[in-house]
Amino acid sequence: MNSTVKVDQFYDLFIKNFISVVLGLIINYINGTFVIVYFKNIIFCSDPRYILYIHLVINDMIMLSVSVGLQVTMYVLRIFNASVCCVVLLFLSTVTKNSPLNLACMAIERYIAICKPLHHSQICTVRRTYMLICFIWTAAAAPALSDIFIALSNRPASFFSTAIVCHMVFIYNTWQHTVKDTVVNVVYLSFVWITLIVTYFKVFSAANAASADQVSARKARNTILLHGVQLLLCMMSYITPFMGTALVNLFPQSPATILFILFLLSNVLPRLLSPLIYGLRDKQFVEHVKVYFCCKQVGRTQIIPVK
């Protein structure tokens, strides 16, 4: 009887890890294709809009790889060294907060392009875009670093040499962490939502002006709306613990399956949205992707510039 249960548990864990790894590889392959096309065409590397877009794609690839890798490792090893776990969680928390901040910056860039077209080339330069990306990483890493400092001040040094389950609830579970998480999430998400709403209405007003490029304004407005949709999906990572607790209480017979499905919905599948929302809506980018696959089929290594 016990051997049968163990076999069933093994197959259950194997199937879940297999699904996560396969989905992760497929999504990273799609995102990786967009990254390759970007770096093979100088026209994209010199455009702030595409630089921010590809940064979002690369960030999603890193987040997906770390999330799936951590999930598989936890199933295999069960426990981690606490110090190693802190480093992994630091990196994972940083890339998680990068996404909404990057969305806000993309919305601001579209606002400047539509509402301040004469100043766009002066404000949105390549150098300033890379400086902005550095600022995004700094702003996203600061809360994650504060988690470690709070843990260092509340736990003995011996704790960081012990083996634990690598999850935030087992390391960052003091009242200071709770207060910090609440404040940071409210401030960050409020900033992003306010940015999206203000830029949307600014672009909407510009679209009604006779002097505005109606097609570009409409595209920018739709893009900012899609930023909002993606931000809602990004927020799933914040509400997933509450959803998990509620669903497990409703269906106590299958907690592992519920948590696995929530993991896919909040951490895996949203990483596919960046290329679908932005890349496939951009005709120029799509043309270069088509050329890339055509060249790949005939065995060529260089992408022919699209005129």
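From the backbone N, Cα and C atoms, a Cβ is placed for every residue, glycine too.
Automatic prediction, not curation, is the source of TrEMBL annotations.
These come from TrEMBL:
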DOMAIN    30-278  domain 'G-protein coupled receptors family 1 profile'
TRANSMEM  18-38  transmembrane segment
TRANSMEM  50-69  transmembrane segment
TRANSMEM  75-92  transmembrane segment
TRANSMEM  130-151  transmembrane segment
TRANSMEM  157-175  transmembrane segment
TRANSMEM  182-204  transmembrane segment
TRANSMEM  224-251  transmembrane segment
TRANSMEM  258-278  transmembrane segment
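Under 8 Å from some Cβ of the transmembrane segment (18-38) lie the Cβ atoms of residues 44-45, 50, 54, 57-58, 60-61, 64-65, 68, 71-72, 263-264, 268-269, 271-272, 274-275, 279, 285, 288-289, 292, 303, all in the same chain and six or more residues away from its ends. Note on the transmembrane segment (258-278): residues 16, 19-20, 23-24, 27, 30-31, 34, 53, 56-57, 60-61, 63-64, 67-68, 71, 223, 226, 229-230, 233-234, 236-237, 240, 243-244, 247-248, 251 of its chain, located 6 or more positions outside it, place their CB under 8 angstroms from a CB of the stretch.
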